């Protein structure tokens with residue numbers, strides 16, 4: 001469902017704004033420091049409960065204010081409005097409302113508002129550590145497998161408990177009871193991840209062929225331990241080593257998605273502009289699979305659209321985004337950079353010093 005309305009209060013340099021949105025393309029135009037990224041950041045906060053720019057709540061609440069508030073409205077397929085909102089206070093308190101009901105969990109907010117973010121720091125998905133690619137995989141599994149969230153939360157708790165027990169256990173018998181459940185859930189999570197990567201690999205490669213036809217890009221999934229070894233067996237076999245180290249070496253918390261060109265990691269082959277298109281291909285493939293699997297559309301947030309992309313590559317990306325028929329929010333310094341994407345159904349907003357007006 002696309003957002004039909006967005007209200008922002010006391011977020012960053014934005015005192016207040018209340019805008020009606022297009023179900024298609026929404027452009028936020030303004031000079032550096034004007035607050036255009038803050039609009040996208042507010043939408044991200046509404047769907048994730050956190051900022052993609054700062055982990056400190058105090059830094060995203062407007063100066064001299066005690067709290068921020070972000071409110072959104074959807075128009076459902078049945079044509080009734082569903083309100084959602086998030087309130088954050090300087091003391092760290094967070095309140096989430098869905099359909100007017102308080103006390104909702106952030107995971108429920110994420111289910112209602114599936115978001116894909118493409119921003120200048122987004123190269124981390126392919127260039128940095130495995131945790132970013134695990135988060136990428138798990139975003140997709142979370143949205144298509146209802147049992148994933150609880151299972152993964154349980155695995156993380158069990159692993160933490162196991163690591164604590166490793167410091168005091170004298171024999172493996174003291175861990176065997178906990179390891180039984182940990183192994184069963186870990187194998188289940190692994191299978192969900194395998195299925196998910198299998199589903200999006202073909203779509204990713206097709207989009208990469210359009211964006212980067214000169215490269216044959218391959219995805220491969222590493223589950224976090226040897227493919228031939230059951231996890232229960234690994235936990236037992238590695239007990240002495242894990243005890244010596246003080247933590248569990250292998251497991252689903254070590255999974256990774258390996259992205260290569262002719263056997264070489266993509267970050268060693270592609271330019272920054274090409275890496276951005278690679279990230280876009282992954283995000284678009286995720287959105288495509290979400291729609292195919294659930295009927296939902298994700299919302300795309302693209303900060304600094306022109307960054308690292310020449311006009312030809314911008315046109316390619318814009319073409320694919322239009323084909324998705326998803327709602328898209330794009331920030332840009334000038335209207336000229338997005339002129340060929342603007343149509344009768346899109347909306348353009350101009351922002352300066354935190355004040356927003358429809359262009």
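Cβ atoms are placed via backbone N, Cα and C, with glycine included.
If you look up Swiss-Prot, you'll see 30, 31, 32, 33, 34, 35, 36, 37 marked as ATP binding site, on the strength of sequence analysis.
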Same-chain residues at least 6 apart in sequence whose Cβ lies under 8 Å from residue 37 (ATP binding site): 53, 303, 304, 331
DSSP three-state assignment (helix, strand or coil) for residue 32 (ATP binding site): coil
Listed binding-site residues (32, 34), ranked by Cβ neighbours within 10 Å, top entry: 34
Chain-mates of 30, 31, 32, 33, 34, 35, 36, 37 with C-beta within 8 Å of site centroid, ATP: 38, 331, 333, 351, 352
Neighbourhood of residue 30 (ATP binding site) by C-beta distance under 8 A, where only residues 6 or more apart in the same chain count: 36, 331, 333, 350, 351, 352
Among 31, 33, 35, the most crowded of the binding-site residues [Cβ within 10 Å]: 35
